[in-house]
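Annotated features, as they stand in TrEMBL:
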DISULFID  111-116  disulfide bond
DISULFID  151-186  disulfide bond
BINDING   207, 209, 220, 306, 309, 341  FAD binding site
ACT_SITE  448  active site, nucleophile
DISULFID  448-451  disulfide bond
ACT_SITE  451  active site
């Protein structure tokens with residue numbers, strides 16, 4: 001019996017192997033050929049930790065620069081220097097009013113989370129040259145001279161004012177404020193206000209404080225929906241208010257939006273605290289078709305705001321509260337939070353666009369620093385704090401940064417903006433300026449004090465960069481040995497400009513760190 005059974009078993013086993021071979025050959029030859037694109041997607045699916053950044057490559061839209069060149073330039077040349085510069089006394093103290101009421105909706109009240117708190121700097125800690133109050137003066141000599149000059153001017157103005165009626169005085173003051181605000185892209189805080197305080201930026205770092213939910217969502221939604229030249233009928237990708245496919249679209253009023261925000265659950269807005277809510281079926285096709293149809297200036301405006309938003313999100317993901325206990329908080333990078341906001345799959349492709357807009361914003365501010373370098377290269381500009389040795393080192397480091405920026409070969413060309421017919425270009429530029437100025441006002445609606453501080457600083461930094469880019473003629477006419485009456489930067493603007501650019505530089509550097517962490521996780 002065994003003699004018959006064993007050969008029969010062998011025949012069956014051989015038939016099974018042969019059948020599997022034939023079936024495998026048939027399936028292989030009838031399978032669809034795998035293209036390079038499908039192979040790429042397959043690899044991305046197999047390694048989800050890497051999919052966040054694998055598409056972040058190549059040339060950026062609306063300019064002739066690539067991501068890789070910016071990475072190398074920033075991480076090796078700019079970041080180490082800008083980090084040291086913003087740690088200097090002149091740049092670490094920022095005067096800001098965090099008590100201004102929100103001008104657009106009832107105040108939600110300040111955040112009660114302890115990490116939202118901002119600790120103002122005691123008056124005794126402020127360098128004497130900074131707290132002297134002469135915000136446009138750069139040296140000890142200039143401060144001394146300015147006190148005498150201002151006294152003489154006050155006497156002359158007093159004599160003139162005695163001949164004016166109260167109504168004329170008010171009109172004169174209004175005109176002066178109007179003229180002064182013509183080139184400002186931001187609503188500047190009144191540094192003489194009793195509510196304005198100095199803040200040590202190094203002791204109040206930008207990080208994730210836990211501030212999220214309807215209040216945070218409303219701020220960013222107002223910025224995008226009401227200030228980015230967008231009609232109500234066009235919905236941003238991943239917007240919770242956007243209708244699903246197949247539904248009729250309708251206009252949502254501000255009142256209806258506010259009602260929706262007050263009724264929506266905290267759970268559904270869990271992911272909206274740092275971004276705008278990752279829900280909805282819209283793939284962004286309609287939005288980007290609309291965006292590409294805009295003129296360059298309005299398209300640039302949207303990309304600047306998106307880039308700023310992306311940068312802030314990276315800071316919060318990089319400085320996340322990982323552990324808290326026994327009075328000691330541990331802050332560090334949170335890879336999951338980063339993926340939630342920038343992963344290709346989780347954001348339906350939006351993550352890569354957001355990060356590319358960050359690089360675009362970096363180029364805009366880099367160009368502004370290139371343009372304003374002659375302003376600071378003049379011998380009498382000393383960034384005065386009262387400490388001669390410190391001031392000299394700060395000036396040398398700033399010039400070092402400018403020299404590196406001048407060596408970058410692929411700057412954004414702003415001459416392509418507002419280059420149409422003179423009247424139309426002037427109208428568009430003013431519209432551009434007023435929209436951005438409105439966004440700077442919205443920063444007073446942020447409920448978290450620390451988020452408000454860094455939001456105001458980075459918005460003012462970008463606003464100062466725009467002011468510089470559109471003041472090229474005035475900068476070219478700067479006198480070599482005396483202050484300019486045509487183009488001027490306050491200390492507040494200078495601090496915001498360099499710190500704002502420093503945050504963008506840090507964001508791009510942090511992308512390098514997140515790339516390493518994602519590779520490690522994979």
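Glycine residues also receive a Cβ, built from the backbone N, Cα and C atoms like all the rest.
All TrEMBL annotations are machine predictions without curation.
Cα to Cα, residue 209 (FAD binding site) and residue 448 (active site, nucleophile) are separated by 8 Å. Long-range Cβ contacts of residue 306 (FAD binding site) within its own chain (separation 6+, distance under 8 Å): 353, 354, 357.
Neighbour density for residue 448 (active site, nucleophile): within 10 A of its CB lie 23 other CB atoms from the protein chains shown. If you compare Cα positions, residue 116 (disulfide bond) sits closest to 448 out of the recorded positions 207, 220, 309, 448. The shortest Cα-Cα distance from residue 207 (FAD binding site) to any of the recorded positions (111, 186, 448) is found for 448. Among the record's FAD binders, 207, 209, 220, 306, 309, 341, no two C-alpha atoms are more than 21 Å apart, and one pair sits at exactly that spread. For the recorded positions 116, 207, 209, 220, 341, the greatest number of Cβ atoms within 10 Å around a candidate Cβ is found at 341.
Candidate disulfide-bonded residues: 111, 186. Fewest other C-beta atoms within 10 angstroms, 111. The C-beta environment of residue 451 (disulfide bond), restricted to residues of the same chain at least 6 apart in sequence and closer than 8 Å, consists of 111, 116, 209, 211, 216. With respect to their backbone Cα atoms, residue 341 (FAD binding site) and residue 186 (disulfide bond) stand 28 Å from each other. Rounded to a whole number, the distance between the Cα atoms of the residue listed as 'active site, nucleophile' and residue 309 (FAD binding site) is 16 Å. Reported as a whole number, the C-alpha separation between residue 220 (FAD binding site) and residue 186 (disulfide bond) equals 17 Å.
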